[in-house]
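S.K.: The signal peptide feature in Swiss-Prot is assigned to 1-24. What Swiss-Prot lists as N-linked glycosylation site is Asn54, Asn135, Asn237, Asn321, Asn337, Asn376. Among the features that Swiss-Prot reports, domain 'PAN' is placed at 334-416, with the record citing sequence analysis. For 580-597, the entry in Swiss-Prot reads region 'CaM-binding'.
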Amino acid sequence: MMTRFACLHLFTMFLFTLLSGSSSAVITTESPLSMGQTLSSANEVYELGFFSPNNTQDQYVGIWFKDTIPRVVVWVANREKPVTDSTAYLAISSSGSLLLLNGKHGTVWSSGVTFSSSGCRAELSDSGNLKVIDNVSERALWQSFDHLGDTLLHTSSLTYNLATAEKRVLTSWKSYTDPSPGDFLGQITPQVPSQGFVMRGSTPYWRSGPWAKTRFTGIPFMDESYTGPFTLHQDVNGSGYLTYFQRDYKLSRITLTSEGSIKMFRDNGMGWELYYEAPKKLCDFYGACGPFGLCVMSPSPMCKCFRGFVPKSVEEWKRGNWTGGCVRHTELDCLGNSTGEDADDFHQIANIKPPDFYEFASSVNAEECHQRCVHNCSCLAFAYIKGIGCLVWNQDLMDAVQFSATGELLSIRLARSELDGNKRKKTIVASIVSLTLFMILGFTAFGVWRCRVEHIAHISKDAWKNDLKPQDVPGLDFFDMHTIQNATNNFSLSNKLGQGGFGSVYKGKLQDGKEIAVKRLSSSSGQGKEEFMNEIVLISKLQHRNLVRVLGCCIEEEEKLLIYEFMVNKSLDTFLFDSRKRLEIDWPKRFDIIQGIARGLLYLHHDSRLRVIHRDLKVSNILLDEKMNPKISDFGLARMYQGTEYQDNTRRVVGTLGYMSPEYAWTGMFSEKSDIYSFGVLMLEIISGEKISRFSYGVEGKTLIAYAWESWSEYRGIDLLDQDLADSCHPLEVGRCIQIGLLCVQHQPADRPNTLELLAMLTTTSDLPSPKQPTFAFHTRDDESLSNDLITVNGMTQSVILGR
């Protein structure tokens, strides 16, 4: 009897467990949704259930894409108040109201409406819309699409209604682990034509530009031929709605992040592809250059004033604070003279995102649009835009951006004197300046030449050769200068391959037909005798398929040359940062390059006769042979140690900003882990296609490392991936590589993997430790006034070459 009772008890417990983890089709008054249960859409595209975004006892009811990893939540019911009781459940009342009940604590959340109904149910559609439906009329009594969260899904809409003062907006999460309402709203405006805004409180944060039939004119990839997933309708009664229809992809979404970014995703079959994000760069942020300021969109965005305008505050402008904008250099004279020869006229500027505060004039043609503005002295600018018609500006031109290709033609009213100018005066000034500069340069060049001649006269022609003998570098050839000059066509510009940190590199061909690369040390560079001798001696002792091979050297008078094997494909940066050539290295090839560099590092750190710390590992020092195999080059800054030594300290900090580990940049301490840090930066560059010294994200100017950490924390890093690789990558492999890259750039050297561990991480699928949030110490820029190479000499430390 006891045995039978025990079996019955076990069966009951098993049945309860099975039911508690089951998936329901609908929620009714008789069948609520308990914690552990889920509600799936008909074709199992979406799922409703309880979840915890921060892996705590805090539970929320939400909707997410079913069977996608990581989970992407698109709507949350109880955003402001989580439940903590495991007995909580989602129910539907007899009056059609959805209720989230937290055990004995009562109602936590309610849909807030009641209906006269004989019966109703809640079900989840394949568009991700949770609906309460009347069982008799089949009419939707309530739906989640009317109460948006942070995500816009297929067939959902942003709306406004001036008569009722109602609007439907996106509201960001407070953080990526806190779904309560954050600081940002995404909405459309009631002006005609409407435009999209991200608002931070009551302050504009980002603007889409006015709607033009099928596109937003302020989003660069939406040109005149664009037909995308949006439709916008505005009526004369003061209401409008923007609907998102994405028919080309099964899964897609538009999310307003906790940091105020609009991100557009689509599932390409291999994972989420981030195909648009804003704001991202300076010009994306609302009013970055202030009134009458123009933000020029480029790899290094910059502000300038429209023609005829000058900075309102020159001092603030010089400090990089452009928000004060610009003011007119010469006031208009429209009222006094509107038709004569000295009347104001219009200056045209192309590829413009239409500024804010426009007014819709009519759908007339371009010439009539021009005439309307000419005869209205309050009209400061106009634009005739396909899909809109005539827009005019009677207020300050705010949030104007100039794109590199797409955009609209904007005509700005200027005083006649600003357009005519004084050409003769400009010519005279230019001639005087040119002549003065020529004379200064001539005298300077003559003085430098005289000093060089006098200095060289005191140097023995064979001084360098006496310091370096063939027996010191077995296997290397000594070339004479005449041979190298013939091979490189006397170092002609047509033979120049590029400019390195310590000089120029030229392509050459020896008499036997062998192609070579010649590194010619610049006399003005920071690499002197120590680095040059170091590179020759070191590289002669290293042989590995992922290290560049040196063939010989040439030392005559002040000339110092290194002769390398020629790399057909030059350096990795020529591919990675070129908009066309980057397409030649898909994800499998980039992953091979990452592994090849790691193998080269392993040889330097562990497998060679000498332990070598490179100290200047960066993308321009990775050369590619004809099969795109990577080879580490440029050993001028490397250090060699015996097998028991693992770190050293120098007072001479040399390297490249962005790639230098914190302990090396700040204290001069370097080790194998310093190269690991540089490798981590290099990995993130290869994955993203972005340059560490140029990348700047958000209004805070986040570095590539900061953005990689944020991306990995929120989406396992998939939106960091170069968008050109979407069709060739495996998301899990990319996410793993980003995690490895973040492990390599940890602040503490002890938290970084060594080279053996690094290669194991790249070649196996073993579990990886979770990285800590890195310290984003350096944010460098490629400004003309800054050098990419940091060579700060506070003393001299002599290299010591010891056997392993």
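Backbone N, Cα and C define each Cβ position, glycine as well.
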S.K.: Compare the Cα of Asn237 (N-linked glycosylation site) against each of the glycosylation sites Asn54, Asn321, Asn376 and report the nearest.
M.R.: Asn376
S.K.: Using the structure shown, find which entry in Asn54, Asn135, Asn237, Asn376 (the glycosylation sites) has the sparsest Cβ neighbourhood within 10 Å.
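M.R.: Relative to the other glycosylation sites in Asn54, Asn135, Asn237, Asn376, Asn237 has the fewest Cβ atoms within 10 Å.
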S.K.: List only the single closest residue to Asn321 (N-linked glycosylation site), chosen from the glycosylation sites Asn54, Asn135, Asn376 by CA-CA distance.
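M.R.: For Asn321 (N-linked glycosylation site), the spatially nearest of the glycosylation sites is Asn376.
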S.K.: Cα-Cα, whole number of Å: Asn376 (N-linked glycosylation site) versus Asn54 (N-linked glycosylation site)?
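M.R.: Their Cα atoms are separated by 59 Å.
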S.K.: Give the distance between the Cα atoms of Asn135 (N-linked glycosylation site) and Asn54 (N-linked glycosylation site), rounded to the nearest whole Å.
M.R.: 37
S.K.: How would DSSP class Asn376 (N-linked glycosylation site) in three states?
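M.R.: The three-state answer is coil.
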S.K.: Hey, what's the Cβ neighbour count for Asn321 (N-linked glycosylation site) at 10 Å?
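M.R.: Counting Cβ neighbours of Asn321 (N-linked glycosylation site) within 10 Å gives 12.
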S.K.: What does the DSSP secondary structure composition of the region 'CaM-binding' (580-597) look like, as residue counts for helix, strand and coil?
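M.R.: Residue counts in helix, strand and coil order: 15 helix, 0 strand, 3 coil.
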S.K.: Based on DSSP, name the secondary structure state of Asn321 (N-linked glycosylation site): helix, strand or coil.
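M.R.: The three-state answer is coil.
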S.K.: Check the region 'CaM-binding' (580-597) for me and report the mean pLDDT.
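M.R.: For the region 'CaM-binding' (580-597), the model's average pLDDT rounds to 93.
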